[in-house]
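**Q** Shown below is the structure under consideration.
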């Protein structure tokens with residue numbers, strides 16, 4: 001488990017390129033036949049990937065000491081979106097087949113969660129966010145047909161994109177975790193511009209569906225103290241409440257966003273005008 005401490009905005013603005021990457025970038029999300037796990041002190045979110053290839057993968061009691069519990073989801077809820085080939089997630093004996101861009105919400109208290117790929121030639125890639133939970137909501141599969149899609153932006157401003165809301169109150173109940181998938185239209189490069197912050201929530205972006213020769217310049221920092229982190233395919237970045245989170249790519253891309261914090265009101269944002277950015 002990679003533990004990331006929270007950081008004050010006054011400290012963050014003094015960091016150089018490597019310092020920013022050390023604090024906020026999750027460089028390696030998927031490792032064959034393993035799970036990765038980054039624990040952030042910011043709202044206690046856990047972020048990672050699970051890629052079963054030749055065997056099943058589960059998060060066992062080895063994380064209990066670090067989380068102060070007997071098993072992983074004793075006091076947590078889990079959201080998983082599969083960006084790879086078809087796979088299965090077995091929750092306390094109940095097997096769910098999770099295809100490409102399908103998702104599974106797992107409620108607090110699930111003791112055994114096992115991940116597997118159906119075809120080792122095209123393994124599943126389960127990207128997950130995990131957050132503290134105060135009650136148990138039912139485990140539920142979510143398909144692309146069930147999400148709440150919203151198309152925003154314009155080709156003229158190069159930010160035409162479709163936001164697919166997987167884990168939001170309109171789709172299912174969670175304690176605090178919200179997740180979704182945003183896909184840029186061909187030829188569009190900007191996400192979340194004009195940008196915003198949200199004082200009451202933190203957020204993690206996971207960029208994928210990128211060519212090897214492409215990258216995203218992820219913008220972060222306070223609106224008057226902006227910085228950037230160069231992102232490559234299948235990497236994630238942590239965004240504190242005080243930071244903007246926006247990006248521009250050298251080619252179109254897709255990203256998964258996950259939020260935890262005070263509320264689940266999607267539009268609870270503090271908008272920042274482009275003219276006010278520095």
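Using the three backbone atoms N, Cα and C, a Cβ is placed for every residue, glycine included.
So Swiss-Prot says this about it:
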type	residues	note
BINDING	196, 198, 203, 245	Zn(2+) binding site
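Could you tell me the structural context for the features on the list?
**A** In the three-state DSSP classification, residue 198 (Zn(2+) binding site) falls within coil.
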**Q** Taking the recorded Zn(2+) site as 196, 198, 203, 245, identify the other residues of that chain whose CB atom sits within 8 Å of the mean position of the site's CB atoms, giving them in sequence order.
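**A** The answer, listed by sequence position, is 192, 195, 197, 201, 239, 241, 243, 244, 259, 269.
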